[in-house]
């Protein structure tokens with residue numbers, strides 16, 4: 001009868017642990033300087049001829065299976081498969097695989113070390129380290145490995161109530177290592193824990209047993225070369241990398257996954273359907289009574305703000321499950337119309353700007369609908385753009401007449417920059433530099449702290465608008481008569497020109513969006529919405545439905561399946577994935593969680609690309625007038 005190997009979480013086998021060892025004291029048949037890489041290459045590239053005197057082949061046979069000669073790559077594949085079989089409990093299958101291939105899962109010395117760690121035999125585990133020290137990736141890591149072993153031993157002694165033994169470990173084994181003094185002080189504080197439960201909670205430790213020891217072994221394995229002991233869950237890591245790479249190359253991937261292999265089959269290459277993208281109209285909002293110039297989701301994704309020539313801002317609540325918007329309130333009193341909106345980073349405030357001849361900027365407290373401040377520095381000002389500082393307590397505002405201000409929430413001008421004709425604004429992620437597109441076809445950086453500026457990029461035609469992605473590295477520009485351009489702000493190079501849309505001298509606002517901001521969307525003067533993958537110049541999709549110029553599009557930053565567009569036809573459209581895709585996603589979500597989740601994933605029927613699910617009426621709207629609240 002073949003030996004039934006025992007295994008730990010990390011897949012080390014007791015069969016390998018016992019091979020080549022005369023006793024558990026670590027007196028191995030293969031000497032300390034005779035360790036051989038598991039793939040059969042003596043010494044290996046890192047260690048040269050250090051182990052040239054190793055005694056015999058690592059292939060372990062019981063006389064029943066004749067080993068085959070396999071290449072180095074095949075040996076590695078066999079080891080990885082063997083590790084996975086062992087980790088899922090198929091020990092006999094893994095053993096037969098190792099015997100038939102003539103391979104070992106791990107080197108006997110490493111397997112023995114793993115077994116002693118999993119058994120909690122700390123003295124023998126430390127003796128094993130002496131045997132393994134010559135094959136460590138970095139010999140200096142020996143102290144770190146000893147520290148981790150003694151730390152686990154110390155915690156287990158405390159949990160068992162062996163306080164004096166724990167104190168001895170702390171004083172005579174951990175402290176003399178002179179390693180990670182801060183952690184030693186933390187460990188000493190755990191002596192005050194009165195119960196094992198309190199210890200586990202404060203130490204954020206899983207407690208004595210295979211879970212914590214398995215986690216410890218995973219940390220220790222990272223100090224050993226893969227030729228001696230495989231990294232933990234190596235097959236899982238390789239498959240995760242492969243799936244992630246395929247998702248990255250997929251032009252339509254736009255679905256969040258809680259685990260690497262959710263909604264993925266390993267039997268075929270990953271390729272999403274275009275239906276995952278927000279390409280169908282799910283709702284048409286007709287509440288504005290004139291051209292809609294701007295739309296913007298809040299940073300937390302729960303609200304949508306729309307600004308119109310009809311002098312109002314409307315706030316909508318987002319229902320991501322049903323792909324719908326519900327009217328929350330209307331903010332009135334913008335006598336010039338609302339051409340630009342900017343949410344504060346915490347979604348609590350909303351700044352509204354008007355068209356070129358508007359000298360006012362309004363800041364609303366969204367929850368209460370109260371006007372926080374009304375900035376009107378001079379009657380000759382033109383405040384057409386603004387951007388919030390990352391701290392949410394300041395913002396910059398400017399326009400095409402040469403005004404450029406840094407203000408606080410009360411509307412006080414903290415700093416000003418004269419003579420800068422601003423087309424669009426954005427803060428860099430460092431919170432120090434403001435990016436401003438000006439009338440000289442360029443974007444420049446302005447630092448209000450030391451009042452310095454520098455040129456970032458130069459276009460040959462007017463920059464009508466621009467936006468920056470979440471990393472602050474990339475900028476998306478709508479350039480008059482040219483279309484949409486992608487720039488790398490760090491390297492200051494033009495990365496890509498997107499094709500398809502019609503861009504004249506109207507101000508059109510494009511956006512980054514989708515899962516990981518891997519997509520680009522823009523309105524167009526030919527009444528369409530265009531969607532691109534960020535790495536492809538040709539559009540993935542062209543969305544129709546609007547009857548006049550599409551002034552602005554915005555992708556929901558939290559729910560990548562939602563996209564909004566605003567048009568001169570007086571409507572706002574909410575775009576979502578196909579009905580079939582939504583039904584499939586809801587079914588998968590329901591099956592993966594509980595049967596009770598089915599109700600939460602329900603969708604509304606009677607939906608088509610041109611016939612919206614629902615069109616809210618104006619009845620019952622909450623309306624707030626800025627003039628009544630004062631400034």
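Every residue, even glycine, has its Cβ placed from backbone N, Cα and C.
According to TrEMBL, the region 'Disordered' annotation covers 1-28 (among others).
Taken from TrEMBL, the feature domain 'CTLH' applies to 106-165.
Outside the repeat 'WD' (285-316) by six or more residues, the chain places 325-343, 345-347, 350, 352, 355, 364, 366, 509, 548, 551-559, 562, 564-574, 615-616, 618, 621 with a CB less than 8 A from a CB of the stretch. Annotated repeat 'WD' per TrEMBL: 285-316 (among others), in sequence order.
According to TrEMBL, the feature repeat 'WD' maps to 331-362 (among others). Here the repeat 'WD' (331-362) has Cβ contacts under 8 Å with residues 290, 293-296, 298-300, 302-303, 305-315, 369, 371-388, 390-392, 395, 397, 399-400, 409, 507, 623-627 of the same chain, all six or more residues outside its ends.
The average pLDDT for the repeat 'WD' (543-575) in the predicted structure is 97. Residues or ranges marked as repeat 'WD' in TrEMBL: 543-575 (among others).
TrEMBL lists 584-619 with the feature compositional bias 'Low complexity'.
The annotation region 'Disordered' is assigned in TrEMBL to 584-631 (among others).
Annotated compositional bias 'Polar residues' per TrEMBL: 620-631, in sequence order.
Panel annotation: around the repeat 'WD' (543-575), residues 254-256, 276-286, 288-297, 299-302, 304, 306, 308, 318, 320, 323-325, 470, 506-515, 519, 521-525, 527-531, 609-610 of the same chain, lying at least six beyond its termini, place a Cβ under 8 Å from a Cβ of the stretch.
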